[in-house]
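S.K.: Submitted below is the structure of interest, expressed as structure tokens.
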């Protein structure tokens, strides 16, 4: 057996695959893994390939904002290799092994880097770093690579896509350089807006420098670089919107003298392979473009935006299965993480006999050549009809058409503000909550006299000031411990009940609402809760929250009392089953034991519940326990 393997290795010289132990990211919530794969090759020293990890339940791709290590740097367990923007926040990609960074395969700034895509290579010995100077990963077999390298004219290589572009391009007439692609800066981010550049061509950059500001679906985030060098070319102008993940934003070079070489730099002319493709006969070029387009269509997921404009979360397997069975995902209720659609949901939907098909969408989205000709002929006879054929892929309309544009009122000036990515996400989530969750509401009045007195005494003893909201967080956590049914989530075929109360706190920012989490609030003291909430609120307003600080949560508190609101009802934050709306504390006349009027400080709270999980009696019991704790704050100090 061994001899046979050696003979095969001598003929084909393949890379032998070994898997290292499972690597995990140090974040709370569901387990997200990063599995570096070790390769041993006859031509390269021992090394490990680091793949893009899944940093949130819904993450399919991420944006590499900034590298904190450069090629040749030593790496120890716990070091952060790079900052990855997900659809929720920016997270550090932590290392679990020791070694040296040998090569960066995906440049910082790259967007749409798919989960599992190779990002970098590390080696155990520093002396082996030089062996990877020209290393490029490719999914093709090694023999085919060798043939392509020896015969570039007859077998040209394809130009890598932005997501697959190597971090350093050394081919062609351009000096050594790095391509900075747009990274995924939040778990749900699919595109971003380049607000402004903070550098210009020729400027020196160092690790940690912010070169531009990117607006995501959550906030405006700085794009930090991880390597030393100079900005050689800005590829995308400031103000550009809807930039797809992985799009190359800029080019950097290690030497300032090289900057002038990139004056006329274009991505098309950056590689000799692209020039070879342009030199091919027209027939071969068209055939290759068809193959590239077919490969792109195979890799592109089916429609993930419903006709109503809301985003649909579904696993790749569910998308593929729905596509094969001609089923529209927007009609299926998901039972996966955060309500995402899994294959089992599609199967159950088909078995139920209800099968809204996507033929109409496909007919609108894809037209055959005959249909295109008919459309053009009809358009010539009827000039008022649309002459441009519909796009190949259905996309969410970001701007209203002429037919749907509202008519301005004469004499009344107005301003149209385009939706930010974060505002679109908030709108989709709230619409999903109100249309799919059966809300009901319970209101109770609680007396706050004792809380205000204890708060005043505690604030005299410590530097961190305790707010009324901190008492509410603690009382809510203890009530959830007493009534665990309210600390649960609906998952379609089962209800998940949590042991710890992770309280999400609604924080208003300039960009929109976000809910950082006080984890296991029932086990924390009031002082710890106060300092934690202050730190999280400051991070939220500065767009510095990490995904593990706001992804998850089992119960939400929304407090508008500070704005003078007496009472309101809140929308449930899915997949949670309840949210507490808190009004202001005000003085009210109430009868005493003798029926005489007296003044009390009172507060109204309203609990919104998901009736699928929390029955009315359960919601009432929870409010009773909350009232018990908040009206006797000494119980919160035990």
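Cβ atoms are placed via backbone N, Cα and C, with glycine included.
Bear in mind that TrEMBL entries carry predicted annotations, made automatically and left uncurated.
Since this is a predicted model, take the numbers as computed values, not measurements.
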S.K.: Which range is it, out of 78-110, 210-242, 243-275, 276-308, that shows up in TrEMBL as region 'Disordered'?
M.R.: 276-308
S.K.: Looking at the ranges 360-410, 411-461, 462-512, which is given as region 'Disordered' in TrEMBL?
M.R.: 360-410
S.K.: Provide the three-state DSSP residue tally for the domain 'Lipoyl-binding' (177-253): helix first, then strand, then coil.
M.R.: 0 helix, 40 strand, 37 coil
S.K.: For the domain 'Lipoyl-binding' (47-123), give the DSSP counts of helix residues, strand residues and coil residues.
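M.R.: Helix/strand/coil tally for the domain 'Lipoyl-binding' (47-123): 0 helix, 40 strand, 37 coil.
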S.K.: Per DSSP, how many helix, strand and coil residues does the domain 'Peripheral subunit-binding (PSBD)' (313-350) have?
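M.R.: Final tally across the stretch: 23 helix, 2 strand, 13 coil.
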